[in-house]
Amino acid sequence: MLNVTDLRGQTPSKSDIRRALPRGGTDVWSVLPIVQPVVEDVQNRGAEAALDYGEKFDHIRPASVRVPAEVIAAAENTLDPLVRESIEESIRRVRKVHAEQKPSEHTTELSPGGTVTERFMPIDRVGLYVPGGNAVYPSSVIMNTVPAQEAGVNSLVVASPPQAEHGGWPHPTILAACSILGVDEVWAVGGGQAVALLAYGDDAAGLEPVDMITGPGNIFVTAAKRLVRGVVGTDSEAGPTEIAVLADASANAVNVAYDLISQAEHDVMAASVLITDSEQLAKDVNREIEARYSITRNAERVAEALRGAQSGIVLVDDISVGIQVADQYAAEHLEIHTENARAVAEQITNAGAIFVGDFSPVPLGDYSAGSNHVLPTSGSARFSAGLSTHTFLRPVNLIEYDEAALKDVSQVVINFANAEDLPAHGEAIRARFENLPTTDEA
């Protein structure tokens, strides 16, 4: 089922590896002309425009953008107790990890009386997008909300698409997760129009704009984020989900097959890639996938994803080459199924998250490992990171020099002012001291 790319007997460069690897992705540029008028209309007409587009695209128009408090409360009250227990346990685990991510203020003394202090200031108001589509994602509510709360974000709003089968409001499980987390502002709006409304708000409708937008979504959500970036901050662009498994002959073929299938379940564009130095394992995994995918509830979606050009098996000479390949692929999720898996994992530099050993599968990270599941895709893990408490914090420097400390470094500043032909900079220093030479004399 999975196509095979054979890199054995080669010494490929980074460029060669990137060209050879199966890779999906979405062409965001192609939908920008569709999304831009939506964003501009929502900027001009606010909530009414957002509701109009929801009715046009999704054939549903909620009674209001903001979900009433009683609807949110009812969703929590009717939540399945087992689902509630799982949500609460995942919140506990994710909160424990993200609470420890918060950095501490620190001060550096450059000279007596001259200090620079770095403080970490939370974003004031954040919009968290939770998609609808093929599945219900209360886990995304957790993964976006908890790090923002741990960072100290003052105001949170969740936006999620309205559902016709639920009275035009977001899915009750989404609303229940919001309620459990203490998020009482939820907007029943999805797609690019949700991103635009979060960015620009609507004063007349009582919808305050945000300072940052995070959360995964489809290509239209991604395009809208690109269009409003600069008006607000955004997290990294999220393409279709992906898993890479780096495995040797010691790997359990059944478990590897299940992990590849589980990621393919998300989306027909999802990528599932096995990187291995064992031809026998490759054959075994392909056989196990063929035997097992059809019994999953989402078999048709899984089959299309696994047969797509974005999925496949990559054969390499040895695990050291496999590490190079994995680094160039820079997977959203990377599983290590090798001997000495931790030692291999420590050699990886590019991945959204690394899952070490047979008992650390990606589905654990999707829900309750404690790590975050909002991760960079499409190779962007080479230069970006997943969602964390850091995402919602801004480092701000406080520069504090007394007279002696400034005088000690004043000539350095004046010399730079001369070199850059910005004499007023030097004069701003000299004016504070009587005996310093003028900028021209320095």
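Every residue, even glycine, has its Cβ placed from backbone N, Cα and C.
Summary of the site annotation: Swiss-Prot records Zn(2+) binding at GLN263, HIS266, HIS425. Screening the candidates ASP211, ASP318, ASP366 against this entry identifies ASP366 as the one listed for that site. Range annotated as region 'Disordered' by Swiss-Prot, chosen from 1-20, 101-120: 1-20. When THR241, THR349, THR389 are compared with the substrate site residues GLN263, HIS266, HIS333, ASP366, GLU420, HIS425 in Swiss-Prot, the one appearing in that site is THR241. Among residues of the same chain six or more beyond the region 'Disordered' (1-20), those with a C-beta under 8 A of the stretch's C-beta atoms are 260, 272, 274, 282, 285-286, 289-290, 293, 303, 306-307, 309, 311-317, 321, 324-325, 328-329, 379. Closest to GLN193 (NAD(+) binding site) in space, going by CA atoms and restricting to the recorded positions GLN263, HIS266, GLU332, HIS425, is HIS266. Cβ crowding, taken as the number of other Cβ atoms within 10 Å, peaks at GLU332 among the recorded positions GLU332, ASP366, GLU420.
DSSP assigns THR241 (substrate binding site) to coil in the three-state reduction, placing it in neither a helix nor a strand. The sparsest Cβ neighbourhood within 10 Å, among the listed binding-site residues (GLN193, ASN218, THR241, GLN263), is found at ASN218. If you measure from the Cα atom of HIS425 (substrate binding site) to that of HIS333 (active site, proton acceptor), you get 50 Å.
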